[in-house]
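S.K.: According to TrEMBL, the record shows the following:
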TRANSMEM  B:18-42  transmembrane segment
TRANSMEM  B:62-85  transmembrane segment
TRANSMEM  B:142-162  transmembrane segment
TRANSMEM  B:190-211  transmembrane segment
TRANSMEM  B:223-247  transmembrane segment
TRANSMEM  B:259-279  transmembrane segment
Amino acid sequence: MNNTFKKTILASLVSAGMMTSGLAAADEHPVKLGLMLPYSGTYTALGEAITNGLKLAIEQNDGQLGGRDVEYVQLDSEANPSKAPQNMSRLVKGDNVDFVIGPVHSGVAMGMLRVAKQSGAITIIPNAGLGAATNQLCMPNVFRTSFSMWQNSYPMGKVAYDQGHREVVTITWDYAGGKEDVAGFKEAFEAEGGEVVEEIFVPFPSTEFQSYLTQIASIDPDAVYTFFAGGGGVSFVRDYAAAGLKDSIPLLGSGFLTEGNVAALDGAGEGVQTTLHYAETLDNEQNQAFVEAYQEAYGKAPDTYAVQGYDTGAMLVQALDKVDGNTEDKEALIEALASVELQSPRGPMSFSESHHPIQNVYLREIQDGKHEVVGVAAEQLEVPDDACKM
Amino acid sequence: MDLAFFGVQLLNGLQYGLLLFLIASGLTLIFGIMGIINLAHGAMYMIGAYLVWDLTMRLGNFWLAIVIAIPIAVALGLIIERLFLDTLYKRDHLYQVLLTFGLILVINEAQRIIWGGDVHSVAIPAPFDASLQLTDNLQYSVYRLFVMGVCLALAGGIYWVIRHTRLGIIIRAGAVNRDMVEGLGINVRTLFTLIFSVGVALAAFAGMIAAPLTSITPGMGDSILITCFVVVVIGGIGSIKGAFWGAILIGMAETFGPVLIPSLASMVIYLIMAAVLLVKPRGLFA
């Protein structure tokens, strides 16, 4: 009770202090960031990691963007596509935010992009990997700081071929994300001269894999390429190992197969190779500093999602410095955002014509419960967003 | 398809079907005797898995965790029945559906508050942490065989109770005509409490023994609930025998369907349900 009272007093003192400093900065109002991320449900952890990363980057810039204070408007997207247009409208028209940052879920992204098109609101996507966001649906006011399904799976095609695999079975969930991912792998693998002998699609979100593993064993390919995520990823990797397939048929995958879940794999993931635009073990100065700062601020190790949030913040810092905090001139602001170049914890990163990150994709192998970087699977890979006419 | 492949798939289908039976048996008991559509049944499956994971972490022993988790699950069923359902028996079915749907939301949120959103797993416990070599490159976990044995034993046990005990007679009579049973002086309220607790505990127990074979995630019970409803409807509502054969049928369909006709993978079980209902509108054994 007494403690709460103290906290309240402290809070009002702090806010009073902030008000006076706001006054000192003349009539400048804060830059408003609208965060449309999941803060409840399955994707809560992702929403929180992105928010943490974003705030860390802005805190490291004295909590300011272009010399102006920052105000956060956080809205729970609930990862619910049907509420997306309405939520986005609320941020853009109701709260009048300068930037919208979101979402995590590709279905929500579809709804948000409709509103982004009508309103022209500057939107930065810190996760959702659907290809169309920067391709068929691309627009000047939309940026992405994460990845696309294609970008993370395409490099594995060449890796698999170079490792000597010629006949591969792919297996994923029967939904847009899984299909886009496997298509990227197949494109590269078959261009090299390999053959995808069977494409297995599991009804989403089933995690009953036994009959498919039996099928894989009877085909006996050189390797298996897979995309599953979350609990599905853990189930698949464990079942694959338990069926004794891991030693005879190497398991390859997109990084999301095991990202954030290595502990739950309980040793079953050792030796599994995946491609992703980040690994917590990346050996560069920025990553070491980032991991340390994140650990200190939030008491836990960062993951890919935290990096995506962090880079979204770093991008805003750089762009708003360039335009001296002027958010009125949208065209100049969009130009500044598009020309951002970052030395990110994930390595160098810039933006393509379609506003998609040009970045390294790393080949990682699970060793002693960590994603160790084996090498760079694709250096500064640009996504060919052919359908994007801006 | 060669013979070995066929044989292994048969084993897969049988194992999945038996596990489905364990969950569906509780659902059909509650449905058939109490007339309650317990939508929270899948959530209890999830609770069972989380309980056993949590207790295994704390105690370091999977078997001990199960022994402690079972009474907790029974107690949960007891509390839900006495506290919430008891006041709704006289109301329309819709109220009970609303209540159990609400329970899904409450249980899922409670799960998130207590255990968080991370994915967890339980290691396959000794002495079943070995594998059999089935074909040149495929192994089969001995624990899966153990799960099949447990499910079969429970199926036999439930069958015996229902066929050969006084309680079984009351349960069977209750499924046919509840008012008459009450009229004969049977305390239906106690019977309902018992049935609900046991039914819910069966779902939780299925989650417990399935925990080492699956990944433990929020909402893991939601998708299995739909499959179990299909099982119950195919077998005939309230029929344990129906739930058994329905579960085996669906287990086989989910195993062979996607491999033989991949384009219909996600539809196969619903097609079977539709076909059964066309011929026998009340299910196979009702």
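Just so it is clear, glycine is given a Cβ too, placed from its N, Cα and C backbone atoms.
Keep in mind it's a predicted model, so treat the numbers as computed, not measured.
Help me picture these features in the structure, burial and contacts included.
M.R.: Long-range neighbours of the transmembrane segment (B:62-85) within the same chain, counting only residues 6 or more positions beyond its ends whose Cβ lies under 8 Å from a Cβ of the stretch, are 36, 40, 44, 47-48, 51-52, 54-56, 96, 99, 103, 122-123, 125, 192-193, 196-201, 204-205, 208-209, 212.
For the transmembrane segment (B:142-162), same-chain residues at least 6 beyond its ends with a Cβ under 8 Å from one of its own Cβ atoms are 14-15, 18-19, 21-22, 25, 124-125, 128-132, 168, 171-172, 202, 209-210, 212-213, 240-241, 244.
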S.K.: Tally Cβ pairs under 8 Å between the transmembrane segment (B:18-42) and each listed stretch (B:190-211, B:223-247, B:259-279), then give the stretch with the top tally.
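M.R.: Counting Cβ pairs under 8 Å, the winner is B:223-247.
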